[in-house]
Every structure is written in structure tokens, then in C-alpha cells.
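For reference, the structure is listed below as C-alpha cells.
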Amino acid sequence: MAAPWRDVVRDAAAVREAAAVAVDAALLAGGLMRTGEQPHASDVVNYAPFTLLPSAVPRALFEQAYAVQQDFNLLVDAISQNKEFLEQTLASTIKVDDFTARLFRIYMQVLEEGLAQTVFLGINRSDYMFDCGLDGTAALRQIEINTIAASFGGLTSRTADVHGLVLKVLGKTEEASHLLPNNPAKGLALGIAKAWELYGSQRAVVMFLVEEIQRNIFDQRCVENELWNRNIRVIRKRFRDVFEQGSLDASRRLYMDGQEVAVVYYREGYVPQNYNQQNWEARLLLERSRAVKCPDIATQLAGTKKVQQELSRPGTLEKLLPGHPEAISRMRATFAGLYSLDEGEEGDRIAATAIADPDRFVLKPQREGGGNNLYGEELRQVLEKIKDSPERTSYILMDKIKPQPALNYLLRAHSPLQVSECISELGIFGVYVRQGQELVLNQAAGHLLRTKAIEHADGGVAAGVAVLDTPYLV
């Protein structure tokens, strides 16, 4: 892959000047996060970490990722409506993974009662890396699909202008003009607004369900402000508030503080730490309601690693999306090798292969949010420990993707300015809205490029490992 800034990276004086300009530009643009020391205070903020220079991304792979997003939207929606597929696929996982099991129990309970929800909203992000083959050609390989609380659609819209200014300061005005505009927050808000409109009550509000600690509040505010600009009222609540103040009427309309809620947009609820007993009760109340949940619990289950692994089996996509052969071949072209660790001969063989050659693989538990995957020696130790236990079925195994590193500077508050070997991950945001059986909206909504130093195997921006970036298409 081309390294367009090779000359710049070695010019220490130019880099120092550009970094000072970049930090001020990021603050001016609103690329902000609350600080770890004062995570509840918006009067003590710093810039969200980002790269000094935009990273090279092969144009063909970037366009491929956009072209397949509507297919993945269609697939996630189809999975969420297929009870038999979810039951069969997650059968082994729910025996050993309590978190997935509790989500699944709520899913079954809501189905048995009968769905009150008639409008469905999906906001997902499909994440990819660029796998470098032995001959040097790069291929697009999907890491995962995030179907709940996919973040940084707001802050990423701020980075292209910052990088454009940096390139101009470095004398690369022509290159700066090639950076693509990008505003996922607008696309995400469009989906939420459409769901709100179809819900059919002008007085009803959109509820952002948020975490107790909200360092990433400005990312959420970008989406929120787009909704206020459309005169859609937004409230922010935690699970605790839902437990204390939430109620359903006879038609299962959801009320918070006497306000009817049309859409519940989850920015919380994706890891076990988000739940205690009352939070589980709050989640059940929300799922039983008529409100449009983004995601509803079936769509959250559609994003589990076990489902991802099952999709790679021959014939699975054809069963889920009959009559869509082109979409299936587009999606399949992005799949990395994925392997089941279910009990039985196949799982035994895969586990033994990974223990013998751990650097070929990544071990993934059923978790969202980055920082959970296992590599190398750690992978080997964990697999050795659980290889003869049913616990291994709560993981999947994936081929390790080997991207080509490039030099860049990762700008973080209070960190020294130093060059790093970096790799990038491209996410494409997708939005769809379904009313009954009719898909009324299905589109890609923008992109997110995150970059990290090669010594950090796993983890995203919120986890403090990756930083925001802008693709420079080559």
C-alpha cells in the first residue's frame, strides 16, 4: 500500500508545528471527550485522540466496504426475524455464557407475549481490516458487525476538516482537497427520525439510554442535536431511571416521567457490567413496550460472535436471504476464516490447531466494546485451560488478519509526540428502518477510520487504544 507521507513523517520541526495546529483545530471543531479524572463534567474536556496525518486506504476496498453495507443491513434484519436460526445458532452459547443467555430469555419472553413493536430500526457498524497477502495485495476482511451502541459517528465527522488543515500546513494543499466529507451523525439521526415519524405520535420523545459514566457524551450530542434540529424532542436516561420511572399503559406504550417514548436508542447495555438485577428488569420493560428499540433484543443477538461464525458456514447465507445471490457473494467476499469451538470432533480439531499455532488466530468471546479478544500466548493458555470444557463454546476462533503497518503520529492529551507503526480499521455505518414487513429505509450512513499502534492488539477509541483517523484514498 502506498505511504503518501513518507517525507513528512521524518521532518521533526514540521511535525511539531503541524501537531500544535492539529490539536487546536480539533478543539475548535468540537472533537471532544470528557476527561477520565472528571467523567461527569462538561466544563473539563480535552480533544478525542486522533492521528496527525490521514491514513492511506485503498480506494477499491473503501468502495467495496460501502457497496456491501446495504447487504449487511438486509442480513442483520433477516436474522433478527428468524427465531429458528437464532435458537439453533445460540443453543450451545447460552448454556455457558450467562450474559447471552439472559438476553435470549428476554427475547423468548417477549416473543411468547407477542411483539407490541411494529417499527424496527437498525443502526449498525460493519468493521474491516485490510489483510495483506504474501504478494502484497490487500483484501477487505470483516472483523465484526456491531448491532448495538456503535459509537463515534459524531466525532468522526470532525476529523476530516482537521486533517485537511494539517495537510495544508504541511504544504500538501492538493492532497487536502481529496479528503472526503463524512457525517455519519446525520445519517444515524435520519434513521431515528424516520422511526419516530412511523411510530406516529408528534408528542412522543426519543430516549437515549446512556451509561452511568459518559465520557463520550459529545459523540452522542452530535446525533442528538441533529434530532433537535428536526424538532424531535430528546431525553437522556439510564437503566436506573427506567427502573424507577418507566411504565407501560394498556397498549404497551412506554412512558418516562409522563412522556411517551417513541424510540429507545441504546448507547448502553452491550456488556455484562452494564447490568444488575434492576437493570435487567428495566431492559425487559423496554423490550415489552411498543417503542421502537434500536436495537431490539433480537437485533442485539444477531450481532453476537457466534452468529457471525455461523454465517461463514456454506449455505447459511442462502437460507437467510433466498433470492439474493449477488448480495451473498458481495458479503462472502469480505469474510475472514471463522471456526466453531462447539463440542465434538470439529471443535476438538480446531482447538488443537490453534493451540499448536496460536499466532494464526484470534480468540473472540461473545462481547462487544473492544479489549476482549485474545491473541498469541494468551490465546494458547486460555484454550489449553478450556479445551475439554463446555466453556470453550462461548468463544469463536477467527483467522488473524495481517495488515500492512504505516508510520503515523497518534495525538493524545498529555502524551509525548512520537512516531508509531500503525494499523487501521475501517467501519461503515448502516441504517435501516422496517415497518411490518416493508423495508422503508436501507443505506450506508458514513464511515469511521480508527488507527492504533501495532503493539496494541485489541481495543477501540473508547477503550483508550485506537484513535480517530481520516481515510486518504490511494
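Using N, Cα and C of the backbone, Cβ positions are placed for all residues, glycine too.
Since we're looking at a predicted model, the values are computed, not measured.
These features come from TrEMBL:
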BINDING   ARG125, 148-151, 214-216, GLN220, 267-270, ARG450, 461-462  substrate binding site
BINDING   GLU144, LYS305, 364-373, TYR375, 398-401, GLU425, LYS452, ASP458  ATP binding site
BINDING   GLU144, ASN146, GLU368  Mg(2+) binding site
DOMAIN    204-302  domain 'Glutathione synthase substrate-binding'
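Where TrEMBL records a feature, it is marked here on the structure.
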{"residue": "GLU144", "record": "ATP binding site", "contacts (Cβ under 8 Å, 6+ apart)": "SER126, ASP127, GLY303, LYS305, GLN308, LYS364"}
{"residue": "ALA149", "record": "substrate binding site", "contacts (Cβ under 8 Å, 6+ apart)": "TYR266, ARG267, GLU268, GLY269, TYR270, GLU368"}
{"residue": "GLN220", "record": "substrate binding site", "contacts (Cβ under 8 Å, 6+ apart)": "GLY154, PHE208, VAL210, GLN214, ARG267"}
{"residue": "PRO365", "record": "ATP binding site", "contacts (Cβ under 8 Å, 6+ apart)": "ASP97, LYS305, ASN372, ASN373, SER394, TYR395"}
{"residue": "LYS400", "record": "ATP binding site", "contacts (Cβ under 8 Å, 6+ apart)": "ASP359, ARG360, PHE361, VAL362, TYR375"}
- Query: Do you know offhand how many angstrom separate ARG215 (substrate binding site) and LYS452 (ATP binding site) by C-alpha?
  - Reply: 20
- Query: What is the average pLDDT across the domain 'Glutathione synthase substrate-binding' (204-302)?
  - Reply: 98
- Query: About how far apart, in whole Å, are the alpha carbons (Cα) of SER151 (substrate binding site) and LYS452 (ATP binding site)?
  - Reply: 17
- Message: So if I measure Cβ to Cβ from ASN146 (Mg(2+) binding site) and keep only same-chain residues at least 6 apart in sequence, which ones fall under 8 Å?
- Response: ASN124, ARG125, SER126, ASP127, GLY303, GLU368, GLY427
- Whose Cβ, among the binding-site residues TYR270, TYR375, has more other Cβ atoms within 10 Å than any of the rest? TYR270
- Pick the one among the binding-site residues ARG125, ARG215, LYS452 whose Cβ has the fewest other Cβ atoms within 10 Å in this structure. ARG215
- Query: How does the domain 'Glutathione synthase substrate-binding' (204-302) divide up by DSSP, counting helix, then strand, then coil residues?
  - Reply: 41 helix, 26 strand, 32 coil
